[in-house]
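Annotation comment: TrEMBL describes 107-116 as compositional bias 'Basic and acidic residues'. The region 'Disordered' feature in TrEMBL is assigned to 105-140. According to TrEMBL, the feature repeat 'WD' maps to 202-243, 244-285, 286-327, 328-369, 412-452.
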Amino acid sequence: MAAPMAELPVEPQSLRKLSLKSLKRGLDLFAPSHGASFPLDSERSPFNPSFLSTSYFSSSQYYVNLLFFFLSLSPFCMFGLLSKSIRVGYKVTAEYGRVKNLPIEDTQDKSKDKSKQSSAPLALPGIPESKDSQKGDQGALVMAPPMLPKAPELAMPSKSSAVISVPGSSDRYTSSSALIERIASKWPKPVWHAPWKNYRVISGHLGWVRSIAFDPSNTWFCTGSADRTIKIWDVASGRLKLTLTGHIEQIRGLAVSQRHTYLFSAGDDKQVKCWDLEQNKVIRSYHGHLSGVYCLALHPTIDVLLTGGRDSVCRVWDIRTKAMVCALTGHENTVCSVFARPTDPQVVTGSHDTTIKFWDLVAGKTMATITHHKKSVRAMALHPKEHAFASASADNIKKFSLPKGEFLHNMLSQQKTIINSMAVNEDGVLATGGDNGSLWFWDWKSGHNFQQGQTIVQPGSLDSEACIYALSYDMSGSRLVTCEADKTIKMWKEDLSATPETHPLNFRPPKDQRRY
């Protein structure tokens, strides 16, 4: 016979510890309600006479046992049992108060039909059980197999429908969440876009490819590189057409004029040059920047050139006279992105000081400052049709409306890298290129990320050279060109063989909408 187990010593509890436990119970009980009275569950209350009307509770043995039980308890334990009973009663009333007293059917026929339906298990339409059931109607309700022990899914077809209780299911699956109608998400559903694939790789530069610009006629595009050259390529064939030399540092920005045969370039050598493409030579140079020039943009309606650089200033140039019209000062760090609009705000700049500024071009002053980002705003993209733009930072990609600059929403995913460039076409496909070689495609309307690509470095390059410095759509928006750190230029297009069936949308609307 096994030896009896030794009794473990009971840890003595001090009066102070018991007092603190009692105070904690009292605080948990009364602090949330702030002294307000709460309804109790009358059926489960120990003070309800009907609760004590059973044969066991009316016997004398019950009261004798109850007396010895209470005599063996300390006052603190008695208070704990009472508070637990009150808490359980309050919880039951709060969660099930609405369904405890459901309206009873007026006629007995309805109650009989209801009892017949409730006594049977769940019925599913169109699932045959036996050969006899197949002889009847095919759409008739048949008996379903017994349910596994899992939480039932309660369907609520309309607001007026009652709560359907599944017989045999445990009460622990019934909660207040089943009684509340689910509200449909107001987040816009994304439009299906075909995935993009790489179809051409162009080699020719001897350094990092840092900038790109397309010709308005969509027949050629130009790229600027760290090898201090500007190369012009044919869009259709990808062949090299021309190489321009003149800069003494890497070329950070390029722009092609829509009204003149001019090409503008800016680089780390503090120089801004105007190239005449009929003569293939520099005809003007714009001097004034105190450090490297990082970004460049042309005004769409007037002959004005905008440049921003490490001197924290956005300078406005008259392209005909080489004169600086004004200097837009206000940023506290490098101005690394800029774009222009025909209406106010005509100039929008993004900076390493994490802010975006709207500028009044006539007065030369700031109209508004956006401070939503927490990291450097290295890239911005203006939508070609809508009055909105997107800005990219290492923390998030955000959308803002124009002209007031109101925050719309964040993109629903985080690329979790430094985003060097971004572009959007008329179909609403936003492309962003990251410092780690990631190329992500987004739906503009909803912010859904429908494709995550990764560039492949060329043979002979380091894995750390998988970096996208610049990207741009062509004028039709059907081709995307990326400039990368492995000295190559990659061209992308949509996969025409893809369908919504082969590449379905995996979209989940956000649970909460951030306001910043």
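Positions of Cβ are set from backbone N, Cα and C atoms, glycine also.
Here the structure is a predicted model, which means the values were calculated and not measured.
Outside the repeat 'WD' (244-285), and at least 6 residues removed from its termini, the chain residues within Cβ reach (under 8 Å) are 207-208, 210-216, 222-232, 291-298, 300, 303, 305, 307, 309, 317, 319, 322. In terms of DSSP helix, strand and coil, the repeat 'WD' (412-452) has 0 helix, 22 strand, 19 coil. If you average pLDDT over the repeat 'WD' (328-369) in this model, you get 95. When DSSP labels each residue, the repeat 'WD' (244-285) comes out as 0 helix, 24 strand, 18 coil, counted as helix, strand and coil in that order.
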